[in-house]
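Structure record follows, encoded as structure tokens.
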Amino acid sequence: MRAGFTALLALCLGVVLAFLAIPIVALFTEVPLGDVPSLLGDPAVRDALAVTARTNAIANGAILLVGTPAAYLVATRRFPGRALVITLIELPLVLPPAVAGIGLLAAFGAGGLLGGAFVLPFTEWAVVLAVVFVASPFYLRQAISAFESVDPTLHDAARTLGASPARTFARIALPLAASGLVAGWVLAFARGIGEFGATIVFAGNVRGETSTLTLTIYEQLEASFDVALSIGILLVVLSAVVLLSYKLLSWRRSSSTSPTSFARSSSAPA
Amino acid sequence: MWFDSARRIDRAPDRRSVGLVFQEYALFPHLTVAANVAFGGASQARVGELLERFRIGHLAREKPTRLSGGERQRVAVARALGRDPQVLLLDEPLSALDAHTRAAVREELADILAAQRIPTLMVTHDFLDASTLADRVGVIRDGRLHQIGRPEELTAHPADEFVASLTGGNLLHGEAEGTRVTLDDGTVIEVAEPARGRVGVAVYPWEIAVTSRPPAAGNVLAGTVGAITPDRGRTRVRVGPLVAEVGTADGLERGARAYASFAPGSARVIR
């Protein structure tokens, strides 16, 4: 009976692994790997690569620059409506990307809520906005918990040593939360590179302007399946690197010493 | 320091001239010992001087996590002094340590504080910490100051029952009539000073002798021997309501009858 149950569990795990691995394996077997570099040399792919790199660089820069201080505020202060703020930050995580896209269109579109001042849809800036919208919650959530896990007495200690709140943030909170911040950023980065739904609704698919790698996969399905597959391989490799660095970071973080767990040695002079 | 009397406002924490040593030391784990001490703005030379003074110069490049309790405490005090504060605050500086380390670190801290010419205020729950480290001890309970004085004054004349028990005394209760007190169990004892009415009587363990035969003189309380606890070369023996601290517990056995005796001068009346 017991051996049978374990076998059943193993069988289920086998099914899960096979199901998850098959599409990845198929990506690599359906196109001759030697052809991948030349396929990626396709002008459409080069344009998509440039758009993706540019838009994500700007989006990630904005997420880090504005998101970090915002997360620090939420993590270190208690204020009325804090739970609501956190819920609002987390909302895009569960929002269907197409809804995010239509929302952005309603807000920044020509006849939209803020649409009068500038024309955003179907430009590169629309891609940036879409990426920021869907990816920033991944960073913010992780950053809040990273700042929360910094021992508040270290903050107090810095203040008694004459450090202003800004200096305390820069010298104490930021370095101690750094590995958590990077882990959050890795997640946001991966989400941003993979962004599709909100972008296609809000930014459309204009080559060299808003056509990112994921949008190009969709576009190339009919034009050249091999090009689509090659982009797929590129993104799988990128995702694997991202996942691996995230694992490495969280492993380093859990094995490195936390602020309070000092060595229990007692080599005090007798 | 806290309050700017010229401007009549409380100062922000980073503008107060107070050196604070935190309960768990709150050393910055990502900075070296030298960087911790330098955090308050001390010059390179000043940091070197502090590290030497506290005998932690060889640890300058270590991270705090690698230090022992005593070493961490020295770093914390050095860091607090790095700003040349006008007053030093110690928040339960010994409570983070295990009992073994604690005695050594306590003495070390006493030496350090004696060498600093700076007013120091320390919070502790342990009278031994207070009596070892402080010139004056204030006993605060529920936000009220019960007594303030030199440690030996507190032991010699505890102001109330709380101070008496904090300083380690046994407490007895009874009715006083001059220098005679009839305890609640009916025993009559002689006390140091005359009083009248309901009183407490404090007797310290080290002023009590324990014998298996009734002694000839002094105040005697007969009782059954309870726990016998060896404690740093002395032995603590419970006899009836009293704990005595004796050199040797030879001839005493748990459950046997014994006599605890103390001089009238050791029986301090607490009103």
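Note: Cβ is positioned from N, Cα and C throughout, glycine not excepted.
Ranges compared are A:7-26, A:227-246, and TrEMBL records transmembrane segment for A:227-246. The stretch from A:57-75, A:122-140, A:169-190, A:227-246 with the most CB pairs below 8 A to the transmembrane segment (A:87-110) is A:122-140. For the transmembrane segment (A:169-190), the residues of the chain that approach it from at least six positions outside its boundaries are 56, 60, 63-64, 68-69, 72, 76, 135-136, 138-143, 145-147, 149-150, 154-155, 158, 163, 239, 242-243, 245-246, 249-250, 252-253, 256, 259, judged by C-beta separation under 8 angstroms.
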